Amino acid sequence: MALSQGLLTFRDVAIEFSQEEWKCLDPAQRTLYRDVMLENYRNLVSLDISSKCMMNTLSSTGQGNTEVIHTGTLQRQASYHIGAFCSQEIEKDIHDFVFQWQEDETNDHEAPMTEIKKLTSSTDRYDQRHAGNKPIKGQLESRFHLHLRRHRRIHTGEKPYKCEECEKVFSCKSHLEIHRIIHTGEKPYKCKVCDKAFKHDSHLAKHTRIHRGDKHYTCNECGKVFDQKATLACHHRSHTGEKPYKCNECGKTFSQTSHLVYHHRLHTGEKPYKCNECGKTFARNSVLVIHKAVHTAEKPYKCNECGKVFKQRATLAGHRRVHTGEKPYRCEECDKVFSRKSHLERHRRIHTGEKPYKCKVCDKAFRSDSRLAEHQRVHTGERPYTCNECGKVFSTKAYLACHQKLHTGEKLYECEECDKVYIRKSHLERHRRIHTGEKPHKCGDCGKAFNSPSHLIRHQRIHTGQKSYKCHQCGKVFSLRSLLAEHQKIPFGDNCFKCNEYSKPSSIN
């Protein structure tokens, strides 16, 4: 839409409302009208000359809603009022004047001299309109009404644009186009400094601040600096504990909108991020990125101390604390400190008694998912850890580590009372109770106390009647693994029968 010499007036692009029409607009729509008109004015002034002419300033006169456009070039102004609206407008005969831009012959990039000349004739504008160009006023008026329609959807909730992949709906076409990038994986915005690519221009803009070193916003509490005001606002909530974003489904609150969005997907089951290799879907893009490392075997994060590599930056950060000894996470109940937040959360369950991970076979509950996974191997018989020395297999990595000490002769834990040594610290602690007589594990049903938790668990099955160990030959179940082992030593088959009364296999001599 380049027009040489800019033979165009402000009234050509003005959108005028009658008094009745103006009264129908709410304050937000009036503000939108003003913003669009000012943008149109900038576009008009800069036609065909790029940045050589810009509007100098827009300022409030302090008198009601009056706004004044200062250009430094337009001489005569007059006010007109439409209802509550008052705007300084270029006098109605401004169409007799026009900007005439004259290029500086010596430097093509300098701002040119400007003059206000008489409009040559109205025929020029007529010829321009009939030369195949759409009138600029019509284009800008259409643009204003487009903005207005889009704004009204905020109030009506209308979302006419639908994603074909996941059927999510949007109020703006541009928002749909941005969303589609999630499915395509396209990253069209590239950093000119380091070639890193981004899905959104806003993410690129944020990234470029890293190269510029911009950090303008400082936290008054801890002195930490941020390159974005919004990031500082989120950070402030870590000090105040504020969680203003609430889930309508379960009432859980969050400090950031993004965390609420991720949480909502637990209720909806939405997983918009798809792996192109195996088709697996994820609720978070960050989890997809981590998953992709499974296919590539890529481990880009390396520890400078020991050279160990990791798939995730967070895992590397946790690993570094092994070298530094840093334990920033403290339990409020007992003041015990931990190097990882997940370890603290798991520890807290000791105080709360919470056991959120439940076995589907026997309904036994555990404090951590890793303990549940280990327990489930009791039912499946899986033993994935093999000793390289003797080929013996184990259900947990810890059992294998203890077993391997038998081959190395390593016995680290020694009793000061009787000089007995153990390959596990827990075994030594349990042994010490023989000398001290301590029995810290008490039955809640009968009050009987035991020196080890395993003995208490075994005892509690007397009260509950729980029998977790099943014989795969005859189907009989036992409360103790040792009883199952004894039972399995009895030959079963031709030399054995099953008593219908007691369901006890008996051998026949």
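Heads up, the Cβ atoms here are built off N, Cα and C, so glycines get one too.
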Candidate ranges 50-72, 96-118, 441-463; Swiss-Prot annotation zinc finger resolves to 441-463
Name the residue range among 138-160, 161-183 that Swiss-Prot annotates as zinc finger.
161-183
What residues in the same chain, six or more past the boundaries of the zinc finger (189-211), come closer than 8 Å to it by Cβ-Cβ distance?
178, 181-182, 227-228
Checking distant contacts: for the zinc finger (301-323), what same-chain residues at least six beyond its ends satisfy Cβ-Cβ under 8 A?
290, 293, 339-340
Are the zinc finger (441-463) and the zinc finger (413-435) close enough that 3 or more Cβ pairs fall under 8 Å, when only pairs 6 or more apart in sequence count?
yes
Near the zinc finger (329-351), which same-chain residues lie under 8 Å Cβ to Cβ, leaving out any that are not at least 6 residues past its ends?
318, 321-322, 367-368
Report, as numbers and ranges, every residue of the chain located at least six residues beyond the zinc finger (273-295) whose Cβ falls under 8 Å of a Cβ in that stretch; write 'none' if there are none.
182-183, 185, 262, 265-266, 311-312
Which sequence-distant residues neighbour the zinc finger (217-239)? Criterion: at least 6 residues beyond either end, Cβ under 8 Å.
206, 209-210, 255-256
